[in-house]
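*Asks:* Dumping the structure here so I can ask a few things about it.
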Amino acid sequence: MTGTPASRGSLTHEPDRFSDPAWELLLAGQDMARRWRHDQLDVEHLIQVLFSDSSFRRWVEPLPLRSDDLLDRLEDVLADQPPARGDQLFIGEDLEQLLETADQVRGRWGDRSIDVPQLIVAVGADPRIGAELFAAQGLAVDRLESLLRQPSVSPAPAPPPVPTAASAPAPTPRSAPAPRVMAPEPEPMVELEREPSALEAYGRDLTEEAEAGSLDPVIGRDSEIRNLIKVLSRRSKNNPVLIGEPGVGKTAIAELLAQRIVAGEVPDSLQGLRLIALDLGALIAGAKFRGQFEERLRSVLEEVSRSDSGVVLFIDELHTVVGSDRSSTDAGSLLKPALARGDLRCIGATTPEEYRRTVEKDPALNRRFQQVLIREPDLELSLEILRGLRERYELHHGVTITDEAIQTANRLADRYISDRCLPDKAIDLIDEAAAQLKIEVTSKPQVVEEAEADLRRVELALLAAEEAPEEERIQLQRQRLEVSSRLDDLRRRWQEERTQLEELGQLLQQDEDLRHAIAEAEREGALEEAARLQYDQLHTVQQRREALEASQAEAQSAGTALLREQVEAGDIADLVARWTGIPVQRLLAGERRKLLALESHLSERVIGQVEAVAAVAAAIRRARAGMKDPRRPVGSFLFLGPTGVGKTELAKALATSLFDEEEALVRLDMSEFMERNASARLIGAPPGYVGYEEGGQLTEAVRRRPYAVLLLDEVEKAHPDVFNLLLQVLDDGRLTDSQGLTVDFRHTVVVMTSNLASPVILEHARSGSSDDAQLQQQVDAALSSQFRPEFLNRIDEVIRFRPLKVKDLVRIVRLQLADLSTLMAEQGLSLEVDDAVADSLARQGHEPEYGARPLRRVLRRQLENPLATQLLEERFRSAHGIRVRCGTDDGASLEFEPLE
């Protein structure tokens, strides 16, 4: 059996030839064919609808047929048919013949249109399947026709007897049709469902959604919407394309245009327009054969051009349509003729990068569009947008969002989330914080769970005390009564607060519905109705809402509330901390105090470098106070000095002080980048080379953690090409990797260490000279011989580290001994060390040219190794501590005594 598309002469192209029930039967058969995933509508689909659909079963119930047996046989036939290979539905040849037979039956019966009984008779006459199914149950076509065509009797006082099939009269000539009654009488039919148009199937009517009030309010953006309206009002090139980074509000501007069209706040040339957003998911989904995607897009464009009411097509993510490459024909070739003829008015939206990649490479398509740049809003405008959206998110989540939370989200999103744009990233913060609070509100409060645990504990104790003294049991029973009473009170308060929150959510919804009804009444000119809604119902709702919010605020301030219904600044800070790994909670409240005490925090770990610590702290404070170029890193430092004097340790301490964890230190050993080709690893391998998709070691590390201390250790060993890359980082605070992605270094502290000029610094320290100017000249000469001037000029501070003295090493020894005491305390032993021990170890480890590293070896050799041996020998088994003192012979060796 083959299927062909319905021809021009097919009865399916003449719906007027059918009655409403008969046409609905054909439509239901079409749905049945799609349900079976068949690409051909045929007789068996109509039969299954007749016997399985309650809307049509009344037509066949009087017939002597067993529906279950017939449907079982029919499902076997339908299951054997192959599945569809495309989206088109064909009309089977057998169904075409059935419709012709039904038309002949209509002619014999003298009816004006084909009705369901004629279709059933034609099914019984179908030679392939219908006649077989009916004949298997003893129902021939002649009897079928006689059952369905029963004449009525002239009006009489009493109803006539129902004629049998044997007494049915012969067919009446067409010229004199006899009146008849079809059994059973169908119920009144509803209006037939029609197939959705291309715009309905593949688009969203934004103006309809704006009229229904389902679009979010759009605040500000006056200049952008004016530019958009000006381009749409032009005679030619009236197709704007909104170009902006992700999250700046391109789609929101299109929604704002729809809202202004509905409100009548557009020029006369745009009044009454429909703004349809193209649904790319529906347009592309299922287009698995060549040309299907373009065919769907062409049907949309044709319907837009035929529209009398005026349609503007909004194509969000324009590059996915133009650069879809779904087949050999680019969709841009379909847009260009329609745009050139003026049949299509289109608003596109895309990012600058995608616009360059897809649209600008086609000059013919590019000149059809007029660019409208959408820039990221500043903090002030972003704050206004967030405040305008507050009610929508409060309504959705059923919680209250404080203004402090909105300001915090706006500020922290701008400062700590650098890979996205405002207001989108701030909206995400508010949305997720509100969702998290909603989950907490709907969950059981912790105080209730603790009371339930206390009750279970007391009840278990009471069960275990069956043989205990009577006084103890009475005490436990009294405790159970107290805990149970407290738990009942907590549960009652919890339920009351939940009821209040639910009522508040309902009031928020009523407030939103009333505002929409007022706006609609004002648009329609029903000013009395609008006034009644505003000053009667809305006023009542707002009064009740204010009373509930005041009651909840009072309970919160008194500390008696079990549930928290307000999103606060701390919630936003917690969320930013989880997203970025930055301890924003501490920065939120105590950053000023921390910055003012930065020297003391750094000096606890970095010993003997007072000048270096002070210089770093001053530079960080200047940056945090806003006295630096906002495009540059927080600070850039070059640490110079001998090895082991604390250069790397200061970078670690800085990471801990600023970001509360040493993991915020991104460390790169620049000795790994001594060769020219190795420098490419910082930003990633070029296209075509191994490792291109992995990204660069420097750019990927900073992209994952933009708030960090970047330590470039032994920077003088790097290839000169590395410094060319660092120029952009130090000056512009950004670096573009091999994949074209820009990495932000504005929130990074760049620290470079070098051993350059170490001999000069050591010699100056040995000589005891106080001529610091001469030393500075020698250091500058050493730097100039290694680094180019443009690199040195971009560094904020070049900081010298002086060699360590014995008194500095004594302080370092005491820090190391404090760490060792902590380890010994875990074994239950205290550690007491004489002051002479620290002095002795410091003198033994003092080697100015090597810094503090020899001291680590002395500690290990003189203290840790012998102490470990004696611990394993269990010399201190009965002691509670160990005392360490210098030996009596030469003072260089140490002695260990147990403390009883």
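Cβ from N, Cα, C; glycine included.
Quick paste from Swiss-Prot:
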BINDING   G244, E245, P246, G247, V248, G249, K250, T251  ATP 1 binding site
BINDING   G641, P642, T643, G644, V645, G646, K647, T648  ATP 2 binding site
COILED    427-557  coiled coil
COMPBIAS  154-163  compositional bias 'Pro residues'
REGION    18-81  region 'Repeat 1'
REGION    91-154  region 'Repeat 2'
REGION    151-183  region 'Disordered'
REGION    191-376  region 'NBD1'
REGION    377-581  region 'Linker'
REGION    591-803  region 'NBD2'
REGION    804-900  region 'C-terminal'
*Asks:* I need the CA-to-CA distance for K647 (ATP 2 binding site) versus G244 (ATP 1 binding site), whole Å please.
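*Replies:* If we compare the Cα positions of K647 (ATP 2 binding site) and G244 (ATP 1 binding site), the gap is 43 Å.
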*Asks:* Measure from the CA atom of K250 (ATP 1 binding site) to the CA atom of G644 (ATP 2 binding site) and give the result in Å, rounded to a whole number.
*Replies:* 55
*Asks:* Looking only at C-alpha atoms, tell me how far G244 (ATP 1 binding site) is from T648 (ATP 2 binding site), rounded to the nearest Å.
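*Replies:* Per the Cα atoms, G244 (ATP 1 binding site) and T648 (ATP 2 binding site) stand 42 Å apart.
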*Asks:* Using a Cβ cut-off under 8 Å and a sequence separation of 6 or more, which residues in the same chain sit near P642 (ATP 2 binding site)?
*Replies:* N755, S758, I761, L762, F801, P803, P848, E849, Y850, G851
*Asks:* Taking only same-chain residues 6+ apart in sequence, whose CB is under 8 Å from that of T643 (ATP 2 binding site), what do you get?
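*Replies:* Set apart from T643 (ATP 2 binding site) by at least 6 residues yet with Cβ under 8 Å, we have N755, S758, E849, Y850, G851, R853.
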*Asks:* From the Cα of V645 (ATP 2 binding site) across to the Cα of E245 (ATP 1 binding site), what is the distance in angstrom?
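*Replies:* Given the Cα positions, E245 (ATP 1 binding site) is 46 Å from V645 (ATP 2 binding site).
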*Asks:* In Å, rounded, how far does the Cα of K250 (ATP 1 binding site) sit from the Cα of V645 (ATP 2 binding site)?
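*Replies:* Here the two Cα atoms are 54 Å apart.
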*Asks:* In the region 'C-terminal' (804-900), how many residues does DSSP assign to helix, to strand and to coil?
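*Replies:* Helix (H, G, I), strand (E, B), coil: 50 helix, 18 strand, 29 coil.
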*Asks:* Write out, in the order they occur in the sequence, the residues of the chain not among G641, P642, T643, G644, V645, G646, K647, T648 that have a C-beta within 8 Å of the mean position of the C-beta atoms of the recorded ATP 2 site.
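*Replies:* What remains near the Cβ centre is F639, T753, F801, G851, A852.
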*Asks:* Going by DSSP, is G646 (ATP 2 binding site) sitting in a helix, a strand, or coil?
*Replies:* coil
*Asks:* Looking only at DSSP and grouping its letters into three states, which state does G244 (ATP 1 binding site) belong to?
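*Replies:* The three-state answer is coil.
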*Asks:* Neighbours of the ATP 1 site G244, E245, P246, G247, V248, G249, K250, T251: Cβ within 8 Å of the Cβ centroid, same chain, sequence order.
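*Replies:* For the ATP 1 site, the extra neighbours are A349, T351, I374, E376, C421, D424.
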*Asks:* May I ask for the distance between V645 (ATP 2 binding site) and G247 (ATP 1 binding site), taken between their Cα atoms and rounded to an integer number of Å?
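*Replies:* With the alpha carbons as reference points, the distance is 47 Å.
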